[in-house]
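Some notes on the structure that comes next.
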Amino acid sequence: MKDYLVKALAFDGEVRAYSVRTTNTVSEAQRRHDTWRTASAALGRSLTAGTMMGAMLKGDQKLTIKVEGNGPIGPILVDAHANGDVRGYVTNPHVDFEGTEQGKLRVYQAVGTEGFVTVIKDIGMREPFIGQSPIVSGELGEDFTYYFAVSEQTPSSVGVGVLVNGDDSILAAGGFILQIMPGAQEETISFIEERLQKIPPVSTLIEQGLSPEELLYAVLGEDKVKVLETMDVQFNCTCSRERIESVLISLGKTELEQVREEEEETEVHCHFCNERYKFSKEDITNLIENL
């Protein structure tokens, strides 16, 4: 099954809902970054939340999420675009902890329970929108829920999950975001709160083969949900050799000549996708000649 996202309304417009399958997306991130189990879960949950938050934007708008906890994983960075493209990385991918007796990965130990979630939105204005909230649990779903309440004043519920196999490969990943619209009835809010208490973990529902639509039906009830739009989502980095060449050219002739003198081979590393671009002395000379 391919990865895709669903935008929906529920309860006659009282609730805005997003749901996504990100199994392939998180698998690609795990493959590129060689993340261990707990690191995969942390990165995967962040990529999943970022994908849905990106889908709230329009056109060529994009956002960056930075999760900076006090755990050994270090900062997590995610870039997400309105078109469904997402990329991201963890600073230390080789972090893993023994799971609980129920097999649940201890993501909070990797992320840490103190720190901040920062969201930077590039929505075409002169200055980007920057929102920040403290980490409340380190499990990430709760942390993004709190972010929406504090920074965007939108009562929300964020559920994100990643199931990781013993060989570090990704078995299932996905999630949902529910947002209560102004004027929603108390009965609606109470109904959703009760349903959220009863449903299994998100990753379990996805492992069972539930599509993004069926995930929303499981949470809200099929008769309550009106699907508005679906869109494909994927891990996709914006880096390229041409872009790296442009960055090198921007250094100027003097600095490029110094690079050519000091390095037999110049390597530029993209943290987001772990791609490495190599430039020989001859490559650098060609760049200098084009200045």
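In case you wondered, yes, glycine gets a Cβ from its N, Cα and C as well.
Features of the protein shown, as given by Swiss-Prot:
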- C237-C239: disulfide bond (DISULFID)
- C270-C273: disulfide bond (DISULFID)
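Annotation for C270 (disulfide bond): spatial neighbours C237, C239, I244, R276, Y277, criterion Cβ-Cβ under 8 Å with sequence separation of six or more. On its own chain, C273 (disulfide bond) has R32, R87, Y89, F235, C237, C239 as residues at least 6 apart in sequence with a Cβ closer than 8 Å to its own Cβ. For the recorded site, C270 (disulfide bond), the DSSP three-state label reads coil. The DSSP secondary structure for C239 (disulfide bond) is coil.
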